[in-house]
Amino acid sequence: MSKRRKHSWPQPLKGAESRLWYGGDYNPDQWPEEVWDDDIRLMKKAGVNLVSVGIFSWAKIEPEEGKYDFDWLDRAIDKLGKAGIAVDLASATASPPMWLTQAHPEVLWKDERGDTVWPGAREHWRPTSPVFREYALNLCRRMAEHYKGNPYVVAWHVSNEYGCHNRFDYSDDAMRAFQKWCKKRYKTIDAVNEAWGTAFWAQHMNDFSEIIPPRYIGDGNFMNPGKLLDYKRFSSDALKELYIAERDVLESITPGLPLTTNFMVSAGGSMLDYDDWGAEVDFVSNDHYFTPGEAHFDEVAYAASLMDGISRKEPWFQMEHSTSAVNWRPINYRAEPGSVVRDSLAQVAMGADAICYFQWRQSKAGAEKWHSSMVPHAGEDSQIFRDVCELGADLGRLSDEGLMGTKTVKSKVAVVFDYESQWATEYTANPTQQVDHWTEPLDWFRALADNGITADVVPVRSDWDSYEIAVLPCVYLLSEETSRRVREFVANGGKLFVTYYTGLSDENDHIWLGGYPGSIRDVVGVRVEEFAPMGNDMPGALDHLDLDNGTVAHDFADVITSTADTSTVLASYKAERWTGMNEVPAIVANGYGDGRTVYVGCRLGRQGLAKSLPAMLGSMGLSDLAGDGRVLRVERADAAAANHFEFVFNRTHEPVTVDVEGEAIAASLAHVDDGRATIDPTGVVVLRR
């Protein structure tokens, strides 16, 4: 991971005060110019002060090779700027025009079978194509030269959602780039052979030229897991290398103008190593779309907290989310009433100083015409636009009250997330396909919240070991360095929760031998010899295990065969004799150095974890940490605590009444009176303390 760039935030227009940014993607080229003035009128009404422009406008800006038309974009930016609306200007390189792909079909990426992915949607370019790079960098150069010194442009939006559709390319360009990547990482082909375990299945290589991408190998076969893991690393790096090239061209011509690109961080997405990418942007930005159903709010808060972790608690930018339904799910559920304000304020609570949507005006044609927007098809007279205006007013009040300059207050608890562990657990020849990394951190975040504890979600490379309490949930890969950090954290007094599927392999997906969890067995005080996966695909096979604490394990359990003398069993299995699991330990507490650990050797899910947490916390001497799980409380404060804010969200589907402190400065579906707040479902109250 490279050294992090110094954080730099888009500055207000000349003469304007620093405020929370608010707006969305704006596509004036998709509408007649007579609509633009009405757009600006509605933006002013809603409190919009920034829009992202030109993201998919390459074909409009360069309609023919070498011929540029900036006139329409100049007029749009000028109108916006004179109305006090700043512009986050795109490099416009996200989707190449047809003339380019017709002239150079070699820029199109290939799938694992070698088939060309043709134009017709977006992101049909291959990241490693030198031809595409030449054209993209030329456009960046033209954009930067034309808009250098423009008073209304406050940031660069480089490309868009790198890897959303072209994450994996299997072309010969990609093959050559992968060979170079391996040579840089491993230096010798023998080191590659060792890392990939090529002695298995006669895969030994004599030269870097023998390395090929993980192309199609036939149905029902298994790709080398080390190679597959490295290809995911390479693919993230290849896209990052292109981003850096675009960024550097823009920066060389417009120094001092902050640059970003929009990530896709959620509880269900790990396209790229966004923690690694976070080091290469001036400010971190994210596109997040809510998960319909009972996890909606918790997942929003979880993903926002992870963004705060990726940003290392510097202000970050919510670049895209939706006012209601998206267009790309089999069933595109509408958002619950009130969630426009609630979800956005959850992101603000977790450190976002900018709230933007896709998109400003809902399209009347194209693939995303059914994707909700700030101005829906129904127009100004609609509940969505009224909610958009309410949110704008709330963000304005928070700015007036001094929220800018505050950061999310550090929790006592860190839930650790690791992109590479997710990539490794996606492999199809693992002990079970019912378990991977990314589901467990969200379960822990929600279970902690059920016990009134708001955790920080942080990347494994971050300072998780500076917290009082840390959770390693299915962190499958533990390198020697991370294992050392674990050992030192607990020995020095840290409190650590570790789950099944943690520490099984090193960074090359080589198993830590001697019993699981490999490199930290002594820290957690257990030794696992075998696993007991569970499912319902085979009649009569083990499909669940009851615990004697009243919870139930599904999908996966460790067969813990021995525990340390320093350990205490907090829960065991109650199972029929034939299973071999009766009275086998399931949850084990241990002392190590000056610290304490709890090992959870099975998948309990959110509800099982929530029920087990009081006893687990008690074993660590942390019983007083729990609070009211009906609400999620998040605080923001500045370094001197002169400005201190508390956000209180209703997590339930019923009204809740709770004690609060301070002056209510924003409330949605909530009422505050004499230190008591009544908050309806999807409601939130913000207090200045």
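Just so you know, the numbers here start at 1 and follow the chain as drawn.
Each residue, glycine too, has its Cβ placed from N, Cα and C.
As recorded in Swiss-Prot:
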- E161: active site, proton donor (ACT_SITE)
- E320: active site, nucleophile (ACT_SITE)
- R122, N160, W328, E368, K369, W370, H371: substrate binding site (BINDING)
The residue listed as 'active site, proton donor' and R122 (substrate binding site), distance between Cα atoms, whole Å:
11
Among the binding-site residues R122, K369, H371, whose Cβ has the fewest other Cβ atoms within 10 Å?
K369
Tell me which residues of the chain lie with their Cβ under 8 angstroms from that of W370 (substrate binding site), as long as they are six or more apart in sequence?
A325, N327, N332
According to DSSP, folded down to helix, strand and coil, what is the residue listed as 'active site, nucleophile'?
strand
Report, as a single number, how many Cβ atoms besides its own are within 10 Å of the Cβ of E161 (active site, proton donor).
19
Just how many other Cβ atoms lie inside 10 Å of the Cβ on N160 (substrate binding site)?
23
Which residues in the same chain, at least 6 apart in sequence, have a Cβ under 8 Å from the Cβ of W328 (substrate binding site)?
H371
Rounded to a whole number, how many Å is the Cα of K369 (substrate binding site) away from the Cα of E320 (active site, nucleophile)?
16
Neighbour count (Cβ, 10 Å) for E368 (substrate binding site):
15
Rounded Cα-Cα span from E368 (substrate binding site) to E161 (active site, proton donor), Å:
16
